[in-house]
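Peer 1: Taken from TrEMBL, the feature active site, proton acceptor covers TYR22. Residues annotated as active site, proton donor in TrEMBL: HIS97. If you look up TrEMBL, you'll see ASN71, HIS77, ASP84, ILE98, SER99, ARG108 marked as substrate binding site. TrEMBL lists ARG17 with the feature site 'Transition state stabilizer'.
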Amino acid sequence: MKILIINGPNLNLLGKREPGIYGTMSFDQYFDSLKTLYPIVDLSYFQSNNEGDLLDCLHKEGFNQDGIILNAGAYTHTSVAIADAIAAINSPVIEVHISNVYKRETFRHHSFLSPVVKGVIAGFGMESYRLALEAFINQD
Ligand code: DQA
């Protein structure tokens, strides 16, 4: 099973960025622990701060992954282009958020992506990614 994790803007700073909200672990550390926990999954990871690079990645990978776990960061709340890319590809996408966006500012309550993804997981810290992975593994 091929699963790609895509992180959007500012998520390269996980571990340093607002640790009270996003925790103290870097994504590289967390990604290594996921690979150890799920050796049967062909797991890869891409991060970019640029919307166009995220679109290019979705276009390139969105026809050959069994699933994509996407944390689009702030683009979740702004990007019609990312929503259109998700609608255009074949691979199912799970939208994830580390924080519970519904407990935060109202501008974080709207997602352009939610209507075009398979499901949404938010608020479980870094474990949101693992729960999304479990959802792909356990689907029929
Ligand atoms: C986030 C929530 C977004 O509102 C924010 O812009 C992020 C991270 C999360 O993982 O909780 O960058 O997607």
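Each Cβ is built from the backbone N, Cα and C atoms, and glycine gets one as well.
Worth saying up front: this structure is predicted, and the values here are computed from it rather than measured.
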Peer 1: If you measure from the C-alpha of ASP84 (substrate binding site), which of the recorded positions ARG17, TYR22, HIS97 fall inside 10 Å?
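Peer 2: Within 10 Å of ASP84 (substrate binding site): none of them.
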Peer 1: What are the non-local neighbours of SER99 (substrate binding site), defined as same-chain residues 6+ apart in sequence with CB under 8 A from its CB?
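Peer 2: Looking at Cβ-Cβ distances below 8 Å from SER99 (substrate binding site), excluding near sequence neighbours, one finds ILE21, TYR22, ALA122, GLY123.
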Peer 1: ARG108 (substrate binding site) to ARG17 (site 'Transition state stabilizer'): how many Å between their Cα atoms?
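Peer 2: Between the Cα atoms of ARG108 (substrate binding site) and ARG17 (site 'Transition state stabilizer'), the distance comes to 17 Å.
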Peer 1: Measuring Cα to Cα, tell me the gap between ILE98 (substrate binding site) and ARG17 (site 'Transition state stabilizer') in whole angstrom.
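Peer 2: On Cα coordinates alone, these residues lie 12 Å apart.
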Peer 1: Could you check which of the recorded positions ASN71, ASP84, HIS97 have their CB within less than 6 A of ligand 1?
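Peer 2: Passing the 6 Å Cβ check against ligand 1: ASN71, HIS97.
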Peer 1: Rounded to the nearest Å, what's the C-alpha distance separating HIS77 (substrate binding site) and the residue listed as 'active site, proton donor'? Just drop the number here, would you?
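Peer 2: Between the Cα atoms of HIS77 (substrate binding site) and the residue listed as 'active site, proton donor', the distance comes to 12 Å.
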Peer 1: Under a three-state reduction of DSSP output, how is ASN71 (substrate binding site) classified: helix, strand, or coil?
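Peer 2: ASN71 (substrate binding site) sits in a strand per DSSP.
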